[in-house]
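Notes follow once the structure below has been shown.
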């Protein structure tokens, strides 16, 4: 079109030029003479010549086409800006020309998809809200758009999990309430859901500790009554107390030594009955103990001397009856032996033994009062009695056990002071007795706990110095012990308040510089001062009004360009400020009536397309108008019959799948088939028998728990099933045995309290049970010792009045006293010296032929008198020197094998040689150096285990020797570097500075070094906050618009 206008203009100018050429020669006197009849020229008369100049038709308006018609003159026709695009609003702006602004097609209906067609204009296509989810109801709201409302599957039963299936059905699956905890009873309440009731584990037994294991359930652990003493019987009482009753170890066997070991219990050690006498038969009687029965050497011939030899053989040596004594007539009778009729030599002196000497006649020898007991002083009294007064063996030495041996006299046995404690040095003081001095375990180190171990070793355990205070540095001084040095918390930062928390350690709290004015930048200076610098809020945007609020900071309020005219589009331009562009209301939609109201703005009133037919989908085409599309009722569900009603719309009638069997779940499958699945009737109740009836469905018949036992109470537990609890038959009478009979009755049979002990009176107490009262055996007889035998009862043993003197007649008097009346020993035989031996009684000693020479065998011959035959002293022992002393007799002196060296064991061999075997001094203790001194014997010198290393704990193990255990210097403080040096443990504070001024460095004793980033947040969302490492940790707050990258602030800005 513009080209046409240009051609017209060109033709017009050509015509004007041609006309002027034709009239170039016209002469004139005034302008009127020059009118060429063309309104497109300016006619002038200049110097008598006409000039017809084309006039300027340009109105400088780009929105007009300027033309000139010679007949009608100038015209300014508006430019046609229609670009043939229905999606633009075409207009012309002064200075800019045609403008093609895209139109807005938003119909403010969230249920349409808005678009624009260049040919037809705006299109509003109905939105499809089908989410292909059968478990939602799909709809559309004009204001919010598609709505997918989940279908309601809740059956209001907290014990089921309610779901919608892929086919759109609803399932209610019982939830599993098992919490896998055997200590709870799991159940489900329809209203509240799973219940986990704690299981009661009390077994009403005071002797068990009741607890519960999550995996196995109730645990009834018997309480530990063991006192680790095998000599006691350990029991728990009904009240929960503990008794430790000593056990009886008497095995009633006199042939064992009964004792008890705390570790192993009763010990019955067989006693040794060997008396080292080959002439006795050694045995033991379980009732009386050791028996030493002399072997029978008697050949029933009084005329032989019957003997048992040292080797156990028997000799019968004919006796010599010739006493070589003219004072006797010697003979021998096989029945009575030698007969020596003595002379009457009685001198009427009870203290002499009257005899007759073959050479001198009667001899009156003082009687032998020696009782062969070295422990008595023996005397003869004027009445002829013999006294044996015990001697005093006390040596006034507390380090000896004083006793007396009948054969050797007083014995002073060194006392054993070994207390079986390896931690004491045992010695003895003559005045006070045993002394047990604790060994010195002190290592003079206040940082160790010094102890002596059970095996005699010494341990030096480092003590713990942790005072649980994070504000102290804990260490230990070998001289003074634990040290708790206050922690230095000064961080040399004037902008923090330094303090210490006992639990966490140093705290460096930044001082508060906030003046509560968001319009200032608050800082703390290096000297500790505070500055509040006003911030700049200019955002260089002409479309905002910049200000600052003390509470929130910079405020950039958008400038309002609203001219209160809804028919203009108001906006603000960075270059020109507020702009008001006329609004085009043509939506080019055949489905709306378009208009604009100064009060309400553009209105696009939808036309009504409803044809009142529910079987059509009514819509409107932006290009053609109303459209009535038949409704598609196929729901793609093979389990429904689809149809449509003009009044109600689509109908989806479910096909009938019911097989009239209440025991099946009837369903239609996705392929359109029908399934009848048996339903599960398990009600998870162990007290019902679950079944199903085709007519009524699930049946839960109560379980019969009758066990046909009249002695139980039958019940049922929903979780475990039948419970058969024994009935209580206890009559609270400890004297009856309570039972339940087969018919359900209860019997209380008296218990038998007979303890088979004849020394107790047996009875029964209803509260405590059997009582066994000791039997009273006092017979009121002072001459009996009253006791009791468990098998026979009371025993009244006559009092032992025996004074062990066979020379007295011993009696008990009626008042309980004892008399010892000397007996008469006169046998009216003059050939014997009559006396009495305290041990054997009357002794009728043949007259003494002793020549006081122990080297002769003295005898008496009826015809010749005393005989003195030299004796043989050979003991057939090559290790003795045999000799004879007239005063003492045979002497068998052991040869001297002692080499005066205590380090050898000296022996004489069977061949008579001498050996000196070095002794072993090994005490099997690796902590001693064993050696032997020729002067003192074995020595066991304690080994020195000090390795002069302060970083080891030196001790000694009896089995392996010196042990150098590295000292544990760990003080449990993550803020110290623990090591050991020449002075012992050191705990050096670690370096926590990470050389980053943007972190607050600290150390927690329990966790170690913490580098906490400096908090630079000024709580202003319009600034980018960071800590600058380059500026020594200074907080920087940059306007967000100046940040280079989204979400990143730092030294790279």
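Each residue, glycine too, has its Cβ placed from N, Cα and C.
Here is what Swiss-Prot says about this protein:
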SIGNAL    1-18  signal peptide
REGION    38-1019  region '41 X 24 AA tandem repeats, Cys-rich'
REPEAT    109-132  repeat 'A-1'
REPEAT    181-204  repeat 'A-3'
REPEAT    253-276  repeat 'A-5'
REPEAT    277-300  repeat 'A-6'
REPEAT    373-396  repeat 'B-4'
REPEAT    397-420  repeat 'A-9'
REPEAT    517-540  repeat 'B-6'
REPEAT    541-564  repeat 'A-13'
REPEAT    589-612  repeat 'A-14'
REPEAT    637-660  repeat 'A-16'
REPEAT    685-708  repeat 'A-17'
REPEAT    781-804  repeat 'A-20'
Could you pull out which residues elsewhere in the chain have a CB under 8 Å from any CB of the repeat 'B-4' (373-396), counting only those six or more residues past its ends?
350-351, 366-367, 402-412, 805, 807, 822, 836, 838
Would you mind splitting the repeat 'A-16' (637-660) into helix, strand and coil residue counts from DSSP?
0 helix, 12 strand, 12 coil
Secondary structure content, the repeat 'B-4' (373-396) (per DSSP, counts of residues):
0 helix, 10 strand, 14 coil
Reported mean pLDDT - the repeat 'A-3' (181-204):
84
